[in-house]
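Q: This is the structure I want to talk about, given as structure tokens.
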Amino acid sequence: MASNGSIRSRHANGNLPEKAIGKPVSGKNDVAVTKTGDTSSTATTLNLLICVGGIYASFLTWGVLQERITTTNYGTDAKREVFKYPVVMNTVQSTFAALLGYVYILLTRKSANDLPILPSKGILWPLSLVAVTSAMSSPFGYASLQHVDYITFILAKSCKLLPVMFLHVTLYRKKYPFYKYAVVALVTLGVAIFTLHQSGGSKKKKGGESNSLYGLMLLGINLLFDGLTNSTQDDIYARFRPYTGQQMMCALNIMSTFLTSSFLLLSPFIVQSGYGSYLGVDPKGAGELQDALSFIQRHPAVGWDILGFAACGALGQVFIFMTLSIFGSLLLVTVTVTRKMLTMIISVVWFGHSLTGMQWLGVGLVFGGIGIEAELSKREKKAKEAAKRKA
């Protein structure tokens with residue numbers, strides 16, 4: 001067991017006693033401890049490749065389907081009909097993910113009492129916090145686009161690693177070696193340079209004409225919620241050992257489905273009551289559920305696309321929570337913020353496109369930072385193993 005999270009009471013086989021399952025324990029680290037307490041057996045290169053490959057494959061398909069659903073004209077040229085019901089799409093996806101997470105639990109647990117979705121009452125509050133912050137993050141991000149220019153928006157999203165690490169240090173009192181801060185700085189700088197110098201039409205996407213204080217505040221709240229989501233997830237894995245990725249996936253998606261379903265069902269009544277404006281409920285979106293169902297009845301093809309979108313998103317979450325539980329949120333965020341950059345590099349290799357010199361500099365900084373971290377982490381691991389053998 002690593003020195004930053006030791007557990008005294010263990011059986012001879014290394015497992016936690018049953019009464020300790022799901023109870024908060026001391027010690028916080030980046031890599032969540034498995035049921036056997038052995039991180040080295042799971043944090044392997046093969047598992048990393050599986051996780052990263054699964055995230056990319058699932059969410060590339062998910063992104064294509066999302067764009068098709070939200071941009072396809074299902075009507076006529078004279079009367080355009082585009083599916084614009086994001087809460088319905090998110091509800092369908094969270095329902096799929098909750099079901100897939102529960103199937104994942106059923107397939108991996110060893111007994112009927114193994115891997116409970118909520119192992120203790122104490123875990124309910126941090127899980128609820130994650131459910132709320134993850135549900136509220138995107139709306140603030142989309143709203144900020146109306147008040148900040150697109151360059152500012154994508155630059156802020158490129159720096160997502162910074163609030164995650166900041167909240168780890170300030171809120172959950174985690175300590176990192178110096179090289180971790182240096183790697184985060186290199187990766188953030190590399191992604192920012194790559195994104196700002198991206199050629200093509202991405203800089204022409206719709207956004208505010210200038211940056212207002214209100215828009216920057218909305219963008220800051222979006223980043224704060226993103227950071228809270230990831231740092232709290234890490235804290236849950238560290239405190240409630242051995243809580244697994246499939247348990248968290250199932251629990252969070254059940255909560256998310258409950259929140260969004262409640263909104264869809266109650267929003268018409270909230271608007272009619274006259275309190276909708278005070279709660280930020282848009283009267284145009286109050287009948288979203290009914291309008292979406294009517295749209296799907298008129299155009300069944302979009303229903304199949306939504307099911308495919310939900311299935312890809314749910315499968316992608318399996319790999320996301322696997323990455324979280326094995327490697328921690330810093331690596332997960334690194335994977336997600338570099339995903340677009342890596343897909344463009346694949347496009348360069350496959351279709352013979354070109355990158356600018358500054359973009360190649362960004363690529364070098366990102367992969368240089370990741371390579372430095374991999375080498376230093378390997379040395380740190382060997383030093384700890386040598387110290388254990390001497391002890």
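All residue numbers here begin at 1 and follow the chain in the order shown.
Cβ atoms here come from the backbone N, Cα and C positions, even for glycine.
Pasting the feature list from TrEMBL:
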type     : residues : note
REGION   : 1-27     : region 'Disordered'
TRANSMEM : 45-65    : transmembrane segment
TRANSMEM : 85-107   : transmembrane segment
TRANSMEM : 123-144  : transmembrane segment
TRANSMEM : 178-200  : transmembrane segment
TRANSMEM : 212-229  : transmembrane segment
TRANSMEM : 250-271  : transmembrane segment
TRANSMEM : 306-333  : transmembrane segment
TRANSMEM : 345-372  : transmembrane segment
Q: Considering only the recorded stretches 45-65, 178-200, 250-271, 306-333, state which has the highest number of Cβ pairs under 8 Å to the transmembrane segment (85-107).
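A: Comparing 45-65, 178-200, 250-271, 306-333 against the transmembrane segment (85-107), the winner is 306-333.
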Q: Please give the sequence-distant neighbours of the transmembrane segment (123-144): residues at least 6 beyond its ends with Cβ less than 8 Å from one of its Cβ atoms.
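A: Long-range Cβ neighbours of the transmembrane segment (123-144): 22, 153, 157, 215-216, 218-219, 221-222, 225-226, 228-229, 232-233, 235-236, 239-240, 243, 248, 251-252, 255-256, 259-260.
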Q: For the transmembrane segment (306-333), find every same-chain residue at least 6 residues outside the stretch whose CB is under 8 Å from a CB in it, and list them.
A: 29-32, 34, 39, 42-43, 47-48, 50-52, 54-55, 58-59, 61-62, 65-66, 69, 83, 88-89, 92-93, 95-97, 99-101, 104, 160-161, 164-165, 168, 180, 184, 230-231, 233-234, 237, 243-246, 248-249, 253, 296
Q: In terms of Cβ proximity under 8 Å, which residues at least six beyond the ends of the transmembrane segment (250-271) contact it?
A: 87-88, 90-91, 94-95, 97-98, 101-102, 104-105, 117-118, 127-128, 130-132, 134-135, 279, 281, 283, 285-290, 317
